[in-house]
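Colleague: Below, the features straight out of Swiss-Prot:
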- 11, 32, 37, 62, 76, 77, 115, 116, 117, 143: NAD(+) binding site (BINDING)
- 79, 85, 117, 118, 119, 120, 148, 149, 150, 151, 230: substrate binding site (BINDING)
- 153, 168: beta-D-fructose 1,6-bisphosphate binding site (BINDING)
- 175: active site, proton acceptor (ACT_SITE)
- 221: phosphotyrosine (MOD_RES)
């Protein structure tokens, strides 16, 4: 199976490397406006193939995306220290208006996976462009809060001393400052968080809850402050999403895709738990949040909707 990657910066290249390590697909086609960068990244990653899985990794043009089942779009400028994801919008929206039509011209049957930030708004923009070509919005998916959700689960598991794969917790809304940690819906081993913590002799006092919230919400800023970019975590998250799509795993992931309504906010793209498979988003499962979380999710949806309107989508 062919997978396209458009944008060979830190995120796109790291996602490609993660796919090789996981053995996702059979062929990776890397496309970038900087052709020398695409060739160099493809060559470097291909040298890891003998130590991992037998994938063909090449640099190419948009034409070579034809027949791809998934195209990862990681094109755009990066987030600067102190810059919010929404502040990136104007610059990256202009890039998307050039890139997305070229991708769809050659890979119109593919699922688009958007990674560029602000991912919620750019996914909405990509879906709008795709819609003009008759492509359903369910086949345009953003990485959403998949990485934030992983951070949340990891911190909870550390506090409980268990494997994070057995913690079911979700971060919802914008992938950014207004995201919502769904504390009221957390379960561990089939039990509500408080009940499981009590059995373990642990607790989540307000101070610990606030600390976890801060760490999840501000992780990217702290990483960017120290090394100018984030890419290992999101690269791994993207490789996982692509694997789910390529092999039709039918996994519940907090990706983002255009939704008709969220908490009274219409026509908005934010992260909720979605059933994801070979043709993109198959179904949406809004969680049963408490009152404060619902208000926070409504606020997050409004923020993203306002950003969408700012680029006239």
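Every residue, even glycine, has its Cβ placed from backbone N, Cα and C.
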Colleague: Would you mind reading off the Cα separation of residue 150 (substrate binding site) from residue 168 (beta-D-fructose 1,6-bisphosphate binding site), to the nearest angstrom?
Modeller: 10
Colleague: Quick check for the class: what is the C-alpha distance, in angstrom and rounded, between residue 119 (substrate binding site) and residue 168 (beta-D-fructose 1,6-bisphosphate binding site)?
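Modeller: Checking the Cα atoms of residue 119 (substrate binding site) and residue 168 (beta-D-fructose 1,6-bisphosphate binding site) gives a distance of 23 Å.
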Colleague: Sorry to bug you, but what's the C-alpha spacing from residue 115 (NAD(+) binding site) to residue 79 (substrate binding site), rounded to the closest Å?
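Modeller: So the Cα of residue 115 (NAD(+) binding site) lies 13 Å away from that of residue 79 (substrate binding site).
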Colleague: Going by C-alpha distance, which of the binding-site residues 148, 168, 230 is nearest to the residue listed as 'active site, proton acceptor'?
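Modeller: For the residue listed as 'active site, proton acceptor', the closest Cα among 148, 168, 230 is found at 148.
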Colleague: How would DSSP class residue 153 (beta-D-fructose 1,6-bisphosphate binding site) in three states?
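Modeller: Helix, per DSSP.
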Colleague: Across all the protein chains here, work out how many other Cβ atoms are within 10 Å of the Cβ of residue 150 (substrate binding site).
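Modeller: Excluding its own Cβ, the number within 10 Å is 20.
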Colleague: Give me the Cα-Cα distance between residue 117 (NAD(+) binding site) and residue 230 (substrate binding site), rounded to a whole Å.
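Modeller: Roughly 12 Å, rounded to the nearest whole number.
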Colleague: So for residue 117 (NAD(+) binding site), how many other CB atoms are inside 10 Å of its CB?
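Modeller: Here the count is 29.
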Colleague: Round to the nearest Å and give the CA-to-CA distance linking residue 11 (NAD(+) binding site) with residue 168 (beta-D-fructose 1,6-bisphosphate binding site).
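Modeller: On Cα coordinates alone, these residues lie 26 Å apart.
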